[in-house]
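What TrEMBL records for B:337-355 is compositional bias 'Low complexity'. Per TrEMBL, region 'Disordered' is recorded for B:321-355. Per TrEMBL, transmembrane segment is recorded for B:7-25, B:31-51, B:58-76, B:82-104, B:111-129, B:157-177, B:206-227, B:233-251, B:258-278, B:284-305.
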Amino acid sequence: MTQFLMFLINGIAIGCGFALVGSGLVAVYRITGVVNFAQGMFAVVAALSATSFVAMGIWHGLAELIAISVGGLAGLITGVIAVGKRGTQPLTALLVTLAVGFLAYAVEVLVWGDHPRSLPGLSGRIDLLGVPVQRQYLLVIAVTAVVFVLLWLFFARTYLGKVLTACASNPYAARVVGIDVTRMAFIAFALGGVLGGIAGVLIAPLRPISFDTDVSLIVGGFAAAIFGGLTRPMMALLGGVLLGITETMIRAYGNASFATMGALVFLLVIMIWQAARRPTVHKESV
Amino acid sequence: MRTPLPVLVGIAATAVVSLVLPFVLDRGGLALYIDVALTACVVVGISLLMGFAGQVSLGQAVFFAVGGYTAAMLVLSDVPALVGLVVAPLAAGVLALLLGIPLLRLHGHHLAFATIAMHLIFLVVVRQFDSLGGSVGLMGIPALSVGSVDLADHQSMALVSLGVLALVMLVAHNVVASRPGRALRALATSETAAESAGVPVGRYKLLVFALSGAFAGLAGGVWAYYVGYLSPGMFPVSMSITFVVMAAVGGMGSIWGALFGTVLVKVIVSYLGTLGTASGMPDYAPAVLSYAVYGLLLIGVLLFLPHGVVPELRDRTARWFGRGRPAPSAGDTQNGPEPDAAAAEPEPSRPAARP
């Protein structure tokens, strides 16, 4: 039983990582209608920068914060390239974010080489109702909870959040009332970069990160985000946690090599089920 | 369809150059030639899929791999190599058909993501099968031979690859020029409009997906005979994405564009690869250079030549000769990634024929 609870908490922590990557996807999709395939890259860039900053002797915490802002910057640059040009359609922008991912590979390999790096996190375990839990896992869960509450407050309670939501629901009307939709799209990408960056620095102590880790991160993040139809952050959190638990349980009690496959099949089944429920409703050229 | 003279001359010149090249290239050149020809087979399929069915597949390397594994398994169990080349496209095509039934219900980015997922699942599954060599892969695949004629050397393989590419392009051309081909062009412009004009949208999308899978499978089969070994590590997700890059660069929905895009990207990457491995360069230089090229080319073409290089050139030359269609207006960009169906062929687009 203790062991099961331990796996459960590990699963929730891993799922929180997916949910954070997914929340970045949701933030960008909600506002721009673009699925940002570079989202995993933000996490990788932040994690790799954090390892460099720590190696330079910058305090833990501060190093992570700087790394997260590097993630935000990467997000902003991606946004400028992907949606900065007028009239870029969402599917074109999707391919552009893939291309930005390729460019980022070049930069990452140039700066950090192609070997995986890891980041020291919180060490040790604490006893939680008789269950030993790694402190880093608790940190991941706590930060995720805070981030999602802030994200909810941001979208529901702040003026900027409402402006962003307006851009998402009707870009034309938003433009009519004087909102600079392009600038809002850049803010969305930067926000996505920050969220991805948070995910990156939290995950890096749990698993080594190399330039091509972004594929597995984006897959997990997308699976989480799709759970909420790519627009609802809280559903993305739920999806991410479910996915993390499923993966951990497959790894613990089944065949470890099928863990990722479980996530993918989960993702496909949900997408196809969603598509089958509303077979005729889809937007042209999206 | 009346083909203008300059186009005919261009096609003839391309054919002659392609036939002469295998006899003048050195070994490295021949390897690049074979790589280009086989990759172009896959890219023609993607170009049809993206340009005519309006679908994007970021998992096309799966069908390439399936073709390769099919041909390899057959020839390793003493089936004649030629049979492998017939079964490889069939196997890949049938797999694409079966996967397409659930996957093609998805649209746009959902589909793009689902095909990446399909690729990742494929890699997991292949690693689990000991009969496919698991992670280590299949070694010692015999070279291609027909009867007693041995086609193992680079020059013969280059000619075989050229033949395969010619076959793929011929099939693709006939599909495009056929009546269903016109329906497909309507489909790429607007699925809803095509559907209401009576085009069986779902069935056609599925058939193009299967056809593109079969093209990839055929190329994969030849490739397996050429390189002589296969392992899951040879089919990374980035391979699938580079196929899309080449199709987008050349021009979606254009067969010659697919060929041009492949040649352009492969030659640049190969040139930079040589540059990167030159003495004094760090060992990661080739990887960095090729990633940078794929990224920059794709960004540049998507943003500034949304129809791709070949359709753009065709439009410009047509305008130059003064008998072309009017220039695509700014409003055309509203079509975005859905390539303007009319831009794909040098003839005025007609409304979809009722099949």
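Every residue, even glycine, has its Cβ placed from backbone N, Cα and C.
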Per the definition of 3+ C-beta pairs under 8 A with sequence separation of 6 or more, do the transmembrane segment (B:206-227) and the transmembrane segment (B:233-251) touch?
no
Using Cβ atoms only, state whether the transmembrane segment (B:258-278) and the transmembrane segment (B:31-51) have three or more pairs under 8 Å that are 6 or more apart in sequence.
yes
Excluding the flanking five residues on each side, which residues at least 6 beyond the ends of the transmembrane segment (B:82-104) place their CB within less than 8 Å of a CB in that stretch?
55, 62-64, 66-68, 70-72, 74-75, 111, 114-115, 118, 144, 146, 202, 205-206, 209-218, 220-222, 224-225
Are the transmembrane segment (B:157-177) and the transmembrane segment (B:7-25) close, by which I mean at least 3 Cβ pairs under 8 Å that are 6+ residues apart in sequence?
yes
Residues from the same chain, set at least six apart from the ends of the transmembrane segment (B:233-251), whose C-beta lies under 8 A from its own:
39, 42-43, 46-47, 50-51, 56-62, 64-65, 115-116, 119-120, 122-123, 135, 137, 257-262, 264-266, 294, 297-298, 301-302, 307-312, 339, 343-344
Quickly jot the same-chain residues contacting the transmembrane segment (B:31-51) by Cβ under 8 Å, restricted to those at least six beyond its ends, or write none.
21-22, 25, 57, 60-61, 63-64, 154, 157-158, 161-162, 164-165, 168-169, 172, 175-176, 188, 208-209, 211-216, 218-220, 222-223, 226, 243-244, 246-248, 250-255, 257-259, 261-263, 266-267, 270, 337, 339, 341, 344
